[in-house]
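A quick write-up on the structure given underneath.
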Amino acid sequence: MVLSQRQRDELNRAIADYLRSNGYEEAYSVFKKEAELDMNEELDKKYAGLLEKKWTSVIRLQKKVMELESKLNEAKEEFTSGGPLGQKRDPKEWIPRPPEKYALSGHRSPVTRVIFHPVFSVMVSASEDATIKVWDYETGDFERTLKGHTDSVQDISFDHSGKLLTSCSADMTIKLWDFQGFECIRTMHGHDHNVSSVAIMPNGDHLVSASRDKTIKMWEVQTGYCVKTFTGHREWVRMVRPNQDGTLIASCSNDQTVRVWVVATKECKAELREHEHVVECISWAPESSYSSISEATGSETKKSGKPGPFLLSGSRDKTIKMWDVSTGMCLMTLVGHDNWVRGVLFHSGGKFILSCADDKTLRVWDYKNKRCMKTLNAHEHFVTSLDFHKTAPYVVTGSVDQTVKVWECR
């Protein structure tokens, strides 16, 4: 590579400035003499720190080039593997495609949970920085921050109308927020340790929470009273989720089990134990997926004539399992993630499963053929959470890299 006379002169002056400002006096005077430089005050100012600036910008640009190359390769792959430019897909089969539509930063610590609002075009993220942030997923704009917790916010959940938001935290409290005025209406105390999960029941009258104190509690939304406690897990309860009609709740724990409870009687209806490590996440199958699941697993239709209910679980043993809750049988195990599975849910079309993990990926599974059909390198660090919009073609992910990413499905 040949430099022009002017470039050579600039480089020499930048080197001379570097030598002098870093105290290499002898080298400076020799270099100045050999390069025949006449340095003066005015020129000096122009070249001050120039070498360092160029040096750092080269590294920055190299990183950018590598990022763009990887995005280009992903786009090429999309194109050849019959991506959205190939045949037209049924919207029920749309899946998230790289690159992300938005990468949103604002949190100062790892993002612990991301969820879509059931009505408006906003989503909400919770973080270890003790805040909850609201974003517009269509424009990528940051809207506001909800402050009140004094430690890491572990989980968040909307009621079906989206007027109420609940959050739980390592500060051992559960908070209820009016999502129209963005005020905290109520704070609930009762757990003796980190509250790791919270969910508003489908009827909106109650909410359930799970904690490191090994219990699950049910609370009345109107009064904030604890009305039920479910005991049985032998270790930290990681997540709790009600089924569609609110008659059952599922929970998973560090004791390596998934439990299903009957809300009315508090009895444990099923204890699902096949994972070989902490079970991090669970998700109920929507009824729209029942026929696909029955077809894929050959699971018998029961005497009642209705299949299911079905449940997904993701574990630190790097696997995802699908369960038939009525029989307690594990219907399938999906293997592919290279690290702890942190989030799992059904695609709204019912034919696919989406998952995220500490291997920094977001994966789409064609469970009928038990194969991973798409892997997106989603974040720079562990992917802690994901959500799939019920009606709009978007997926959102949150990560230890402190960002929230919005992915468009097509």
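Cβ atoms are placed via backbone N, Cα and C, with glycine included.
Given the structure is predicted, the values throughout are model-derived calculations rather than measurements.
Taken verbatim from Swiss-Prot:
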| type | residues | note |
| --- | --- | --- |
| COILED | 56-82 | coiled coil |
| DOMAIN | 7-39 | domain 'LisH' |
| MOD_RES | K53 | N6-acetyllysine |
| REGION | 1-102 | region 'Interaction with NDEL1' |
| REGION | 388-410 | region 'Interaction with NDEL1' |
| REPEAT | 106-147 | repeat 'WD 1' |
| REPEAT | 148-187 | repeat 'WD 2' |
| REPEAT | 190-229 | repeat 'WD 3' |
| REPEAT | 232-271 | repeat 'WD 4' |
| REPEAT | 274-333 | repeat 'WD 5' |
| REPEAT | 336-377 | repeat 'WD 6' |
| REPEAT | 378-410 | repeat 'WD 7' |
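Across the repeat 'WD 4' (232-271), DSSP classifies residues as 0 helix, 21 strand, 19 coil. Per DSSP, the secondary structure of the repeat 'WD 3' (190-229) breaks down as 0 helix, 22 strand, 18 coil. Mean predicted confidence for the repeat 'WD 3' (190-229): the pLDDT average there is 98.
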